[in-house]
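Asks: According to Swiss-Prot, the record shows the following:
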BINDING   10-11, 31-32, K38, K53, 75-79, N92, K143, V169, K177  NADP(+) binding site
ACT_SITE  Y139  active site, proton acceptor
BINDING   N168, S179, H186, F200, A201, G202, S203, R208, Y271  substrate binding site
ACT_SITE  K177  active site, proton acceptor
Amino acid sequence: MIIVTGGAGFIGSNIVKALNDLGRKDILVVDNLKDGTKFANLVDLDIADYCDKEDFIASIIAGDEFGDIDAVFHEGACSATTEWDGKYIMHNNYEYSKELLHYCLDREIPFFYASSAATYGDTKVFREEREFEGPLNVYGYSKFLFDQYVRNILPEAKSPVCGFRYFNVYGPRENHKGSMASVAFHLNNQILKGENPKLFAGSEGFRRDFVYVGDVAAVNIWCWQNGISGIYNLGTGNAESFRAVADAVVKFHGKGEIETIPFPEHLKSRYQEYTQADLTKLRSTGYDKPFKTVAEGVAEYMAWLNRK
């Protein structure tokens, strides 16, 4: 069996799809379906069972057995960078992750988890080293602290433990994310409503490492298949502009004039204006597949979003 926490969410459901593509259907999805719309991410996928996240962690703490587990992909977390309830974030993202990590270590189950580029904060160097890490929000701090915890444990770990610092992920199965969905998703919706696509004023100076979710899932699967341990950036290695995203959306639809809107006050000083993954460490594992450019990935995503 393979366990995917957050399996009804954005990246988790894409990992389930990648596992299905390998012929694996013996998958336990763990999630919180209080937002019932997330079920749609699983409708076209095959899984063996579903478990609520609170019931699951209670079983983990109790030491219950789930049979033979080939791997755990831990994608479940509060991923809202705008959430400021630190007690909630640390319980949900940090304590939960530690319990699951130790369960896997005790049983030598390969453990792959979602970290984040939010661990870096306001830096121009995105390398997996302590000197470049300075998160700007409590979400980023929760991910950073778990990475630090993992770093201390890795030398003694007898089974793979692997964290991925996701950069700006976009693509299919993010519809439920609301305001936290990708720029491409929001621009597509604006055009469908007959509006012009909108970018924040000043965003011409912002550049992000936008990475297609299919590529993210592929790296997760490859690292599992190859027994990789460590903490790795997962982006494309190239920063592209928000304008490049908007241009790709407009090109797909064949209409729309890009407008600018004021930059939100609540995001000032808490917003990463630039991200670009240093992929040196990931490439050193032997992973050599290319990543989709914004033009390629957004075109594929638009075709998926607007499929009939």
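In case you wondered, yes, glycine gets a Cβ from its N, Cα and C as well.
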Asks: Whole-number answer please: how many Å between the C-alpha atoms of Y271 (substrate binding site) and Y139 (active site, proton acceptor)?
Replies: 13
Asks: Among the binding-site residues K38, K143, K177, H186, point out the residue whose Cβ has the most other Cβ atoms within 10 Å, with all shown protein chains included in the count.
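Replies: Result for the most crowded candidate: K143.
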Asks: Taking DSSP as the reference, which of helix, strand or coil describes A201 (substrate binding site)?
Replies: coil
Asks: Pick the one among the binding-site residues A77, A201 whose Cβ has the fewest other Cβ atoms within 10 Å in this structure.
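Replies: Per-residue Cβ counts within 10 Å for the binding-site residues A77, A201 bottom out at A201.
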Asks: Work out how many Å separate D31 (NADP(+) binding site) and A201 (substrate binding site) at their Cα atoms, rounded off.
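Replies: Approximately 37 Å lies between the Cα of D31 (NADP(+) binding site) and that of A201 (substrate binding site).
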Asks: Across the listed substrate-binding residues, N168, S179, H186, F200, A201, G202, S203, R208, Y271, what is the farthest Cα to Cα distance, given in whole Å?
Replies: 20
Asks: Between D31, E75, which of the binding-site residues has its C-beta surrounded by the fewest other C-beta atoms within 10 Å?
Replies: D31
Asks: Among the recorded positions F10, Y139, Y271, whose Cβ has the fewest other Cβ atoms within 10 Å?
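Replies: Counting other Cβ atoms within 10 Å of each of the recorded positions F10, Y139, Y271 gives the minimum at Y271.
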Asks: Using C-alpha atoms, which one of the recorded positions Y139, N168, A201 comes nearest to F10 (NADP(+) binding site)?
Replies: N168
Asks: Can you tell which of the binding-site residues N168, H186, A201, S203 lies nearest to K177 (NADP(+) binding site) in space, using Cα positions?
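Replies: So, of the listed binding-site residues, the one sitting closest to K177 (NADP(+) binding site) is H186.
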